[in-house]
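The block underneath contains the structure these notes are about, expressed in structure tokens.
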Ligand SMILES: Nc1ncnc2c1ncn2[C@@H]1O[C@H](COP(=O)(O)OS(=O)(=O)O)[C@@H](OP(=O)(O)O)[C@H]1O
Ligand SMILES: Nc1ncnc2c1ncn2[C@@H]1O[C@H](COP(=O)(O)OP(=O)(O)O)[C@@H](O)[C@H]1O
């Protein structure tokens, strides 16, 4: 019963951890179709941050859907639960003082809104990796679109399941006319002021 769970107060706080790391902690959330470029851009942003001494971690399909969420499918209900668990995991990592980069299709607006409730608005940066379905299908990095067209994959986002595009993402990257380098610069420029601790 939830009312019987009484949280402990530990001596080391989120603030202590942030001061120890010399930077703020928050979540950078990448949303977009499969093959839009979420992992490629998140990876390049992490490399840049890591080289500046920022403590980071990437959450993506490989470490989540093959581990903690391996029981979940691509039904709307399971996608909602997928995003909820990832947001809770990210929240712990924010608490641990990290800049977390999360790259998930996250096709439903209400699920992305719920992330803000879990990690709090101030800790949430939304990046829309805005690539058309035509381009993603042309790239077909993993051959999934071909399989979806052949009816071998159900609920494929953009083909047989919806993608609800963000209307006011913090950063909107149109990868069809933006290089990875330019996208990384756009993101780094946006988040740099957020890395600063209060009273710095
Ligand atoms: N039906 C269907 N729809 C969309 N994507 C599919 C599907 N089946 C498998 N895949 C592969 O799983 C990756 C998406 O998982 P996510 O956890 O990001 O999806 S979601 O946020 O729960 O919608 C996605 O990875 P990315 O290509 O990195 O986006 C796909 O490779
Ligand atoms: N401007 C760009 N930004 C990101 N990826 C790009 C861009 N142009 C081409 N690509 C290619 O698109 C593919 C995106 O794949 P990936 O990053 O795995 O997407 P996702 O994680 O969204 O499924 C990669 O092969 C990448 O090299």
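A Cβ is built for glycine as well, from the same backbone N, Cα and C atoms used for every other residue.
Just so you know, TrEMBL annotations never went through curation; they're auto-generated.
Listed features, source TrEMBL:
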- 25-173: domain 'APS kinase' (DOMAIN)
- 32, 33, 34, 35, 36, 37, 38, 39: ATP binding site (BINDING)
- 106: active site, phosphoserine intermediate (ACT_SITE)
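Features recorded in TrEMBL, as mapped to the structure shown.
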| residue | record | Cβ neighbours (10 Å) |
| --- | --- | --- |
| 32 | ATP binding site | 28 |
| 33 | ATP binding site | 25 |
| 34 | ATP binding site | 24 |
| 35 | ATP binding site | 24 |
| 36 | ATP binding site | 29 |
| 37 | ATP binding site | 25 |
| 38 | ATP binding site | 28 |
| 39 | ATP binding site | 18 |
| 106 | active site, phosphoserine intermediate | 26 |
Compute the centroid of the Cβ atoms of 32, 33, 34, 35, 36, 37, 38, 39, then list the same-chain residues not in that set whose Cβ lies within 8 Å of it, in sequence order, for the ATP site.
30, 103, 105, 129, 131, 136
Suppose we screen the recorded positions 33, 38, 39, 106 by Cβ distance to ligand 2 with a cut-off under 6 Å; which survive, in sequence order?
38, 39
For the C-alpha pair, I'd like the distance in angstrom between residue 32 (ATP binding site) and residue 106 (active site, phosphoserine intermediate), rounded off.
7
Could you tell me the mean pLDDT over the domain 'APS kinase' (25-173), as a whole number?
97
Looking at the binding-site residues 32, 34, 36, 37, which have a C-beta within less than 6 Å of some atom in ligand 1?
34
In whole Å, how far does the CA atom of residue 37 (ATP binding site) lie from that of residue 106 (active site, phosphoserine intermediate)?
14
Could you tell me which three-state DSSP class residue 39 (ATP binding site) falls into?
helix
Pull the DSSP breakdown for the domain 'APS kinase' (25-173) and write it out as helix, strand, coil residue counts.
69 helix, 27 strand, 53 coil
Determine, using Cα-Cα distances only, which of these binding-site residues is closest to the residue listed as 'active site, phosphoserine intermediate': 34, 35, 36.
34
